[in-house]
Amino acid sequence: MGSSSGLVDWRGRPVDTKKHGGVRASIFIHAMVLLSTAANFANIMNMVSYLRGTMHMGVGEASTTASNFFAALQMFSIPAAFLADSYIKRFYAVLLFGPIEIVGYILLAIQAYTPSLHPPPCSPAAAAANNTCEPVRGANLSLLLLGLYLIPIGDGAARACLPPLGGDQFDPADPDEQRQEASFYNWYTFAVSTGGFVGLVFIVWVQNSKGWGVGFTVCAAFVTLGLLVWAAAFPLYRNQLPTGSPITRILQVCVVAFKKRNVRLPENPSELKQINQDDDANDLEVLPKTDGFRCLEKAAVETGNEAGPWSLCSVTQVEETKIVLRMAPIFAAAILSYIPVPLILTLTVQQGNTMDTRLGAVHISPATLFLIPTVFQMAILIVYDCIIVPPLRRLTGYVGGVTHLQRIGVGFIAAVMATAVAALVETRRKIAANESNLADATTGIPMSVFWLTPQFFLLGIVDVTSFVGLLEFFCSEASMGMKSIGSSIFYCILGVSAWLGSLLIQVTNRVTQRGGDAGGTGWLDGANLNKGKLDRFYGLLCIIEVVALVIYVFLVRRYVYRNDQRVVTHGERKDDTRNGVDVI
């Protein structure tokens, strides 16, 4: 009977690898990801239409509310991750928070169905009087916001816990399961892309044609079905036991190291405090001592006057703190590198609104342009995992074909190319508008919308490489007691970069207003892109992305991996934890 060390089944017994985990268990995780993403992605893309149309919000308020909703979907993964790593299994964290998301959609559906919960109807006379329709307010606004923010609370647990739960289903010391684990994150992202496709094609259509009440009800049904399908496989899952609060352990290291800042380190590292069977934390993964951050090692020096965890820490606690500190610069560089991605995605659709959207005799809705990068992602992921990775694996010896940080870097290079191509296409679009005497028009420019395809294709490469690479990097490099937090850190990158992108637009507009003519407008002010300077803004994004890429490469060349990513051969077993593997 095979076993996977440190993992238990739903009854708390050691797992049998022949009965638990593997690809069979991961399929149910992918199913939940697909169904929940379909609901959430549709609302991320279409929420502004609901807020402006049904709830009569202004452009600024609707955009801010929708942006906050997107950011909350990313940031609310943190509390669920902390709970899952500290006190309850990841399975139970998702099971506990998942129904909260369903309640959120039900509240939105009830409000959408009930006219008395809407703002007063907007009369034709009021509509003609420059946006004097009364927006939603008071108790109805509170109900709207309650429904909106219950969704991230529930979905945050899935975002934080499902990637590491999927990683738990594979033993990296087993040659076959090591390869399957590398593919898991590719197919996880494929499930996200497929869910986005279903949301854009089906759920957005339901919301726009059948009504928002039906649309939110369908979202609730999708999430419910995903939760039931995923939960039905509970006997198959391998579960990591919680190990107590990692934040507390890290704080203890910092506090104790500061208290002992004048203590000399022993010459023999074996004299430092080690975990033993009598420790309360003996369920923790044992981490060997590594080089660097030697000041923190003073927290593990025994002086004979210690009393409790706030006066003496183990080497494993110190190493867990080192892991976080080593990943922090990569986290910061990734935020900077991801700022242009959501901006290009949003601004490209606005470009598409002004262009020729005909495909033969059919006019394409600009909102459906989001399908282009989604389809590219799905196709590229299949090609990458099934065709590109196997020969790369044989060539490089790495289980994923390349290392995590190399894969992330390829995505950031694609982001540089996407911003450069977007600037060139926008320049060409403005030339076409001026040559056709349509500079004052907001639509009908004689330039096919499919000129935008190259930048969408490059954005698809960004998600296939950087999205998967960052998720896998933070999940694999985090210690066993911080896997869920590692996943939430990745989603925080998306949320923080979205916030910073909105801030960049505001700052750019204010700076360019001051630098322009008297009474001039900023680069992105106004409703007419032909009068703005979107091409220059894309150029600014390209410069930011290049700077971020240089910083990233500088940091990556100095990063020391915690885990060996080389392929395990049959007959060979390797420990999960290495003393540091110096590969890029």
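Backbone N, Cα and C define each Cβ position, glycine as well.
A quick note: this is a predicted structure, and the numbers were derived from the prediction, not measured.
Annotated in TrEMBL:
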- 21-45: transmembrane segment (TRANSMEM)
- 65-84: transmembrane segment (TRANSMEM)
- 91-113: transmembrane segment (TRANSMEM)
- 183-206: transmembrane segment (TRANSMEM)
- 212-237: transmembrane segment (TRANSMEM)
- 330-349: transmembrane segment (TRANSMEM)
- 369-387: transmembrane segment (TRANSMEM)
- 408-425: transmembrane segment (TRANSMEM)
- 456-476: transmembrane segment (TRANSMEM)
- 488-507: transmembrane segment (TRANSMEM)
- 537-556: transmembrane segment (TRANSMEM)
Count, for each of 21-45, 369-387, 408-425, the Cβ pairs lying under 8 Å from the transmembrane segment (212-237), and report the range with the highest count.
21-45
In contact by Cβ distance (the transmembrane segment (21-45), the transmembrane segment (183-206); 3 or more pairs under 8 Å):
yes
Please figure out which one of 21-45, 65-84, 408-425, 456-476 racks up the most CB pairs under 8 Å against the transmembrane segment (369-387).
456-476
Rank 21-45, 91-113, 330-349, 456-476, 488-507 by Cβ pairs under 8 Å to the transmembrane segment (65-84) and hand me the top one.
488-507
Are the transmembrane segment (488-507) and the transmembrane segment (91-113) close, by which I mean at least 3 Cβ pairs under 8 Å that are 6+ residues apart in sequence?
no
Short question: most Cβ pairs under 8 Å with the transmembrane segment (537-556), which of 91-113, 330-349, 456-476?
330-349
Excluding the flanking five residues on each side, which residues at least 6 beyond the ends of the transmembrane segment (91-113) place their CB within less than 8 Å of a CB in that stretch?
10, 36, 39, 50, 54, 80, 83-84, 140, 143-144, 146-151, 153-158, 160-162, 165, 211-213, 215-217, 219-220, 223-224, 227, 230-231, 234, 237, 239, 484
